[in-house]
Amino acid sequence: MAYRVNISQTDSDSESDFEDMGGSKPGQGTFRFIREPAASTQRCPESLQMDNFRECTGANREDLPFTASGHMRDETLDTGQRKSLQRHHWSAATLKVLSSMPSRTAGINAVIPKYARDSSQQPQTSSHDSSHHSKSIQADFVQEEMEEISAEENKYEQLVSNLRGLSVSEAMRKLRATPLSLADKMRVRRLAFRDVDESSFISRNIACYRRLGLYISRTWRHCLFSCLSVLASLQLWHSPMKILSGRFGTGVLSYFLFLRTLLLFNLFLFTINGLFLVFPQAVNPPPHDLHSNNFTGLELLTGTGYLSQSVMFYGFYTNTTLTTCRAVNATKTADLPICDPLQPQMVPYSIPAAYLFTIAISFFIICIILVYSMSKSFGRSFQVLKSNRNLAGNIFCIWDFKVSKNTSVRLQSEKISTQLKELMSELTSGEDAKSYTQRLCRLMVHVLAWVICLISIVLSAMAVHYLSEACITQSPFKDTELLLLPAVVSAINLLLPGLFNLCTWVENYDSPSVCVYVSIFRNLMLKVSLVGVLCFRWLGRIAVEPESHGLQCWENCVGQELYRLLLMDFVFTVLYTFLGEFLWRLFFKQVLRRNRKPVFDIARNVLELIYGQTLTWLGVLFAPLLPAVQIIKLFVLFYMKKSSLLLNCQASRQPWRASQMTTLFVSLLFFPSYLGAAVSVTYTIWTIKPSTECGPFRNLTTMFHSGKLWVQQLESSNTLLFWLSWAYDFLVENPLFLFVVNGVFLIVIYVHSQVVDGQRRIVSRLQKQIENEGKDKKFLITNLQALFERSSLVSPYR
Amino acid sequence: MGNKQTIFTAQQLDSYQDCTYFTRKEILRLFDRYRDLAPQLVPLDYTCQPDVKLPYELIGSMPELKDNPFRQRIAEVFSDDGEGNMTLDDFLDMFSVLSEMAPRDLKAYYAFKIYDFNNDDFLCKSDLEKTLNKLTRNELTEDEVRMVCEKVIDESDLDNDGRLSLEDFQTMIVRAPDFLSTFHIRI
C-alpha cells in the first residue's frame, strides 16, 4: 500500500519534471540531455501495473502484475540473461521503477535525439504479447506514442523559443552545442531565426533607424565571419601536423603546436618592431663610417663587422627626432626643407621614445597573451575532483583518435594493454612490499643521482663563468674566439640533458609522469643557471664598466653575443638532429642488430625551444631584428624535426598526458622564461647607464630617462598635455602608488585562492553526499524488493 | 564574400557555418573530401539538396578512420539510419563534433553513444567488455577484462544500478582532462 503511493508520486514527479523543462535556465552554458529510459518509455503503466497488481488473484508468481503487460513477462523471461549483466539482480519491476526515477527522466532544454527514439521502440515489440489486458494496454501504448511525438514537438518548440530569447551569437553557440543531428539543427535554426534573416526592409513596421541598425549588424557579421575564416585559413603547417599526429599521436603533436605558437609570438614582435622601429630608422639611416666593409661569411655567424653597423643592432639607431622639415634656424638638418606652417607636416617621430615605448608595449602585450593562454590551458586541464586512480576515465579517454597510421594504431593498442595489465597486476598483488634494505637502496640511488646532477649543473655554470671572465680580461676580441663561449654553452646544453636522462634511467622511477617531471626540472635548472651566469656577465660586468673592456658600444656587444648564442644553438641542434638521431639509428641497426629507433624526447625539445625564446626576449632590446632570426630558425627547425622524426624515430611507449604537459610548458614559458627576460630588460632600462657614443639613448643617465624627456618635450610644445606629465610623475615615478597597486593585486589573488579552496572542500563534501545517497537508494530498493517478494508469496490480493 | 562557388547557396553555407564548428572554407574542403569518396555518386550541385547517401564501406575507408577500431560505431552513431550510411549533413556533423572546437559535453554525449554498442542508453558490462577488447585488440584475457570492467563500474556508477548512465559518464569525463585532446580527429 505504502509503496503504491510512493510510485505514483514518482510518477507525478517525473511528469512535472517534463513540464518544468521549458522554463528553465536559458543562461546555462550547457544543455543537459534527456534520454528516455530504454527499459520503459511509458509513464502511465506504472499505475496500470499497480492496478493490475491489486487485481491479481493467484499466489503464483507467474500471475503477478508482471504479466499484466506482456512486456513485463518477457522481461522476467529475460532475467536470466540480464542477471549476468547486472550486479544486483533487481527484478523487472524494480528496474522499471529505477528507470523512471526523476534523476533519470529529468532533463532541461534538450530534445530527445532520434537514437533514443529508435532504441525506445525496441522493447515495445515484445510488449504486444497476448494477455487478457493487452488490448487496453495496446491502446494506451498507441496513445503513449502519440503523446511522445507531441511531447517531442513541444520540446522542439521549447528549444526554439529558448533560442529566440537570447542574443544571436549566444543562441548560435547553444545550438551548436546541442546534440541534435545537423538536419535537425538547421531546422531549429530556421524556425528560431526566421525573423532575423528575412529582409526587414520590406516590413514597414520597423522604424528607419532600426532598419539601418539591422543592416549594419548583418553586414558586420558577414565581414567578421569572412575575416575570421581568412585568419583561420592561415593554418600554417596543417597537413604536416596531421601526418605527424597520425603517426605519433598527441604528445609529439603538442611539441609542434608549441613551436607554431612561438613562431606566432616572434612574428608579432617582428611586425611591431619592424613597423615602429626598424622601418623609420632604415628609411633615414645615420651617416656611418666605412671602416669595416670587407664582408666575409664568418660575419653572419659572429654578428660583427658589417652586421654591427646595420639595422640589426642597437648601434645603428640614433637619438634624433625624425621630421620631414626643419625649423628655420636648425643647422644640423640642413638638407631638409624649411617648415611651412600652412602645409601638412609629419608628426616629429622621436626615435629614442619610439624605441623605449615599442619594446615596453610589445613586452606588455606578450605578457597579457601569455597569461591569457596560460589560464585557458590551465582551465582545460584542471581536474575538479581529486581522484587517485581514475581508471574509468582513463579507459574512455585513452584512445587517441588522431592516430591513423596502421603501425601506430597497433602500437597504441599494445601500449594500452600493457598499461592495463600493469594496473591489474598492481591491483591483484597490492603494493610491492619492499623490504627495508630495498627501500634504503633506492633512496641512496636517488640521492646519488640528484647529487650528480646538481654537481654537474654547478660545474658547468662555473665553467661558463670562468670562461667569460677570461674572455673579458683578454680583450680585444678576435673573431673566431668570439664563437668559443657560445659553442661551450650550446655543447653543455646538448650533452648534460643526456646525462640527466641516463640518471633517470638508472633511478628507475615507478611512475612515468614523475620521471618526466624530474627530468624537466633538472633540465630547467641547468638552463636557468646558464642564462643567469650569462646575464650576470652582460649586465653585471660588461654593461657596468664598458670602457675598461675597450668597448665603445656595450649594447652592441651584448646584442652580438645573444645573436651568436642563438645561432650556435641552432647549429648544434642541426648537428644533433642529423648526426645524433641518424647515427643512433644506424648504430642500433648495424651493430646491435635491433630495429629499435630512438624515441623523440618531447620534454627536452620543448625546453630547448623555451631556451631559444628566452634568448630572443633578452636580446630584443639590444638587437631589434633578433625575432626575425628566431623566425627563420623556427621555420627551418620545424621541417628538420619533422623529417628527422619521420625517418629516424618511433612513437614512445610511455603514455603522455598531453593537456597537462601543454599547461606545464606554457607556464614554463611564462614563469622562468618570459618573466626572467622581462625583469632583465626592466633592470637594464631602469638602472644601467647607456653608452655615450652610440644608440638612441646616448648622453642619458638611463634609458628610461628618454621617456621622461619626451613627455617633457611634448608638454613644452603642446601645453594641453600637462596632465600627461603629471600622471607620469604621480603614477610611474611614485613608489607608493606601485606598492598600493601590488598590494591590491595580492589581496585579490589571496581572496580568489581562498574561494577556490572553499569550493574544493564543498565539492568533496557533495561527492560524499552523492555516495551516501547512492548507498541509501540501494538499501531502500533492496529492502522494498525483499518486502515485495515476501508479501507476494504470502498474502492474497483481494 | 570571396570566391564564387556554385555547390551551395549562400544560405546553405551560412546555415552550415552556424550549425557546425567549421568555417566556409573548411566546409567546402570537407565537401571535396566527401565527394572524393565517390565522385560518381555525389553531384557537384547541392543547391537543390539531393538525397545522396554514401555507404558505410566508403566512409570506413577514409584514411582518418580506416584503422580506427571504433570506426563502425562512429559511422553508425552519426548516420541517419543507424547503419553507417552517411549523407553530407551526417558527414559534416561527425567531423564537427570530432573537431577541436566542440565543447566537452557535446563530445561526451557522442562518445557515450559510440561506446554504447547495444544502443540502450546505458554502458552495461557487455558494452565495456566490447570497448576494452577493441582498445586492446583482444590481447587481455577474459579474467582481466572482467576485472577491469568491474572496477570501472565500481568507480563510476554513482546511482548503483550496475551500469553507467550518461550522467555517470559525464561526471567521469570531467575528471579526465585528456578527453578533449584525444577525442579529436583532424581533417
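Any Cβ shown, glycine's included, is placed from N, Cα and C.
Among the features that TrEMBL reports, compositional bias 'Polar residues' is placed at A:1-11.
Feature annotation from TrEMBL assigns region 'Disordered' to A:1-29 (among others).
According to TrEMBL, the region 'Disordered' annotation covers A:115-138 (among others).
The compositional bias 'Low complexity' annotation in TrEMBL covers A:119-128.
The transmembrane segment annotation in TrEMBL covers A:257-279 (among others). Counting residues 6+ beyond its ends, the transmembrane segment (A:257-279) has Cβ neighbours under 8 Å at 236-237, 241, 311, 317, 354-355, 358, 361-362, 365-366, 369, 373, 606, 609, 613, 616, 620, 624-625, 627-628, 630-631, 634-635, 637-638, 641, 662, 665 in the same chain.
Here TrEMBL flags A:353-372 (among others) as transmembrane segment.
Feature annotation from TrEMBL assigns transmembrane segment to A:443-463 (among others).
Among the features that TrEMBL reports, transmembrane segment is placed at A:483-502 (among others).
Per TrEMBL, the feature transmembrane segment maps to A:514-539 (among others). Residues 453-454, 457-458, 460-461, 464-465, 468, 472, 489, 492-493, 496-497, 500-501, 503-504, 558, 561, 565, 603-604, 607, 610-611, 614-615, 618, 654, 661, 664, 668, 672, 676, 680, 683-684, 688 of the same chain sit 6 or more residues outside the transmembrane segment (A:514-539) yet have a Cβ under 8 Å from a Cβ within it.
Marked as domain 'TMC' by TrEMBL: A:553-659. DSSP labels the residues of the domain 'TMC' (A:553-659) in these numbers: 81 helix, 2 strand, 24 coil.
Annotated transmembrane segment per TrEMBL: A:570-588 (among others), in sequence order.
Residues or ranges marked as transmembrane segment by TrEMBL: A:664-688 (among others). Same-chain residues lying 6+ beyond the ends of the transmembrane segment (A:664-688) with a Cβ under 8 Å from its Cβ atoms: 254, 258, 356, 359-360, 363, 366-367, 370-371, 373-374, 377-378, 520, 524, 528, 531, 535, 539, 543-544, 606-607, 610-611, 613-614, 617-618, 620-621, 702-704.
Sequence annotations record features per position, and here TrEMBL assigns transmembrane segment to A:734-751 (among others).
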